[in-house]
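*Asks:* My structure is below; once you've seen it, I'll send some questions.
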Amino acid sequence: MAAPEEQELSQTQTEKLLQFQDLTGLESMDQCRRTLEQHNWNIEAAVQDRLNEQEGVPSVFNPPSSRPLQVNTADHRVYSYIVSRPQPRGLLGWSYYLIMLPFRITYYTLLDIFRFALRFIRPDPRGRVTDPVGDVMSFIHTFEERYGRSHPVFYQGTYSQVGVFLFFLVCGTYHCSNTLCSEEVVNFINGRMLLWACSSNKPEGYRVSQALRENTYPFLAMIMLKDRKMTVVGRLEGVIQPEDLINQLTFIMEANQTYLMSERLEREERNQTQVLRQQQDEAYMASLRADQEKDRKKREEQEQRRHQEEMARQSILAEERRRRTLQEEKERKSECLPQEPAVDDPDSVKIVFKLPNDSRVERRFLFTQSLTVIHDFLFSLKETPEKFQIVTNFPRRVLPCLPTEEQPNPPTLQEAGLSRSEVLFVQDLTDD
């Protein structure tokens, strides 16, 4: 027995499906389900991806071609918070620090020189971004494998696809896992911003780190659309505790609330304009379809009328041809009729014909002539119908005036039993 094509949804997935439909306004449940399945039933990421598509931003599953990041980092009003390393304590600590300082300086200097020289021999593979979405998803999967699923919702797309919302960026390795996984940080970020994260060991994370010019890891930045540019409004570097992180993020958000509200209003205005334009386009298309349907019906009516007129004209022409052919046939029959015998001819028969229009016609024939002659005479008359038969009054019988398969040669008047004076009736068969 074949397995069903679609598995039944759980109660949680059904609730997410209905919630996603309410938030996005999509009518197709199949489309809602496909979008949620693509985002692994992450409703926040699916909703944001849908909002980005409505604003013309490509979907994360149809990423744009790689291009340099355009992030405004020249704003001197950027808020920076750097967590310094612990200072040496006591005589022993300072002694160890001073002894190791020359070796540390020498090590990092040689390391930088080696990396610089290595660039000319073998370019850094991170400089070529081939699968930005894959880099982000790899970070998310690795993070969840190490620290579990209790973390803020990561935006499952490329850095360049994040819209105008204020969001929180992590660029580095996994130094800040304890802070990110704390319950208060999770609730704070999920309710206020989007979170994008990637490892600097991946091409997409390395590209972002080069654009933002971080000094140490973990590096966290707050970026928002400001003056129509994606602008860094806050930088947090170093390991930071959950409470300090929330305080710093709150301060940065409050400092940029005016810009954020302005961008949100502009976004809503663009959405309203887009909806209005869409409604106008739909109304125009509906009107166009109505006009096209009206024109189609009008053309059909005209075509039907022309067809009926042509059929009527053809019918008239056919009737005229039939009448002309019938008249020619009547004239030919009249010309072929034998001469009427004299009144005193002993072999003559006087016949009175009563026509369907109650008129009477009288003519003499010979006993030796075929009944076909009687039929041809009546057929040549203008008053006689096109199809008819000749009937005697008493006893009532139909005279076989035309040849048939059983009787190819019709009988003569004498053989038909007619007397010297007869009254015959012409019966109209045209309707039959």
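Backbone N, Cα and C define each Cβ position, glycine as well.
For 289-342, the entry in TrEMBL reads region 'Disordered'. The annotation compositional bias 'Basic and acidic residues' is assigned in TrEMBL to 290-335. Taken from TrEMBL, the feature domain 'UBX' covers 344-426.
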*Asks:* So what's the mean pLDDT when you look at the domain 'UBX' (344-426)?
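*Replies:* Across the residues of the domain 'UBX' (344-426) the model's pLDDT averages 90 on the 0 to 100 scale.
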*Asks:* Work out, from DSSP, the number of helix, strand and coil residues along the region 'Disordered' (289-342).
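*Replies:* Tallied per class, the region 'Disordered' (289-342) gives 48 helix, 0 strand, 6 coil.
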*Asks:* Could you tell me how many residues in the domain 'UBX' (344-426) are helical, how many are strand and how many are coil under DSSP?
*Replies:* 10 helix, 28 strand, 45 coil
